[in-house]
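Notes to accompany the following structure.
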């Protein structure tokens, strides 16, 4: 019986390793096809994208041009330009992507998570205050650091993290991510701007504040038609 439980645990560990991250490619490359109706003519369904027959692959399948400055004229003062499998089809099954993050002075890339990827960030210009929050298991411990040009910092997969420009000029960073499609969940948007909205009764109890506070926050994300604590 002990041997049986040992093998069950071993299988569980092996499964977590096998399915916790993007699978390793089984061929030299697998260029994605966005048109799923014709995808069957070229290959099979792999890792969320159809694969193009390698004979029909071209250099442009592995290319993205113009990763230039993003427009930071917004309330957050930042712009993330992602380069994932949706921008470079040749990234399909390769398990990596990147993003350029531009910051206006005092600009913020607000608290968010990447559910499918670890992020490693390098500062190209400026000074950033960055950090991530550990899980409940680790008492939500906050790890922070001030980064200067050339500094590198890692944000573990799935953990809430942020970056803020604390300098007086613009800042630029490049982030590498361990998934072809790491995803992003911006915490404030998800909690106060979900569609349909989360009940203000639920959020008021969760945050231990008056419902009027929740109503105000939800209005910042476009919700104001409510009846008896429920949203229309």
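Placement of Cβ uses the backbone N, Cα and C atoms for every residue, glycine included.
Annotated oxalate binding site per TrEMBL: 109, 114, 119, in sequence order. Here TrEMBL flags 112, 114, 119, 161 as Mn(2+) binding site. Taken from TrEMBL, the feature disulfide bond applies to 30-51. Summarising the annotation, TrEMBL assigns domain 'Cupin type-1' to 62-215. Annotated signal peptide per TrEMBL: 1-20, in sequence order.
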Which of 112, 161, all binding-site residues, has a Cβ with the fewest other Cβ atoms inside 10 Å: 112
Cβ-based neighbourhood (8 Å from the centroid) of the oxalate site, residues 109, 114, 119 excluded: 99, 112, 113, 121, 155, 161, 163, 175, 177, 182, 184
Spatial separation of residue 114 (oxalate binding site) from residue 51 (disulfide bond) - C-alpha basis, Å: 25
Mean per-residue pLDDT computed across the domain 'Cupin type-1' (62-215): 96
Residue from 109, 112, 119 whose C-alpha is spatially nearest that of residue 30 (disulfide bond), among the binding-site residues: 119
Cβ neighbour count (within 10 Å, all chains shown) around residue 114 (oxalate binding site): 24
Additional residues around Mn(2+), ordered along the sequence, whose Cβ is within 8 Å of the centroid of 112, 114, 119, 161: 113, 117, 132, 155, 159, 160, 182, 184
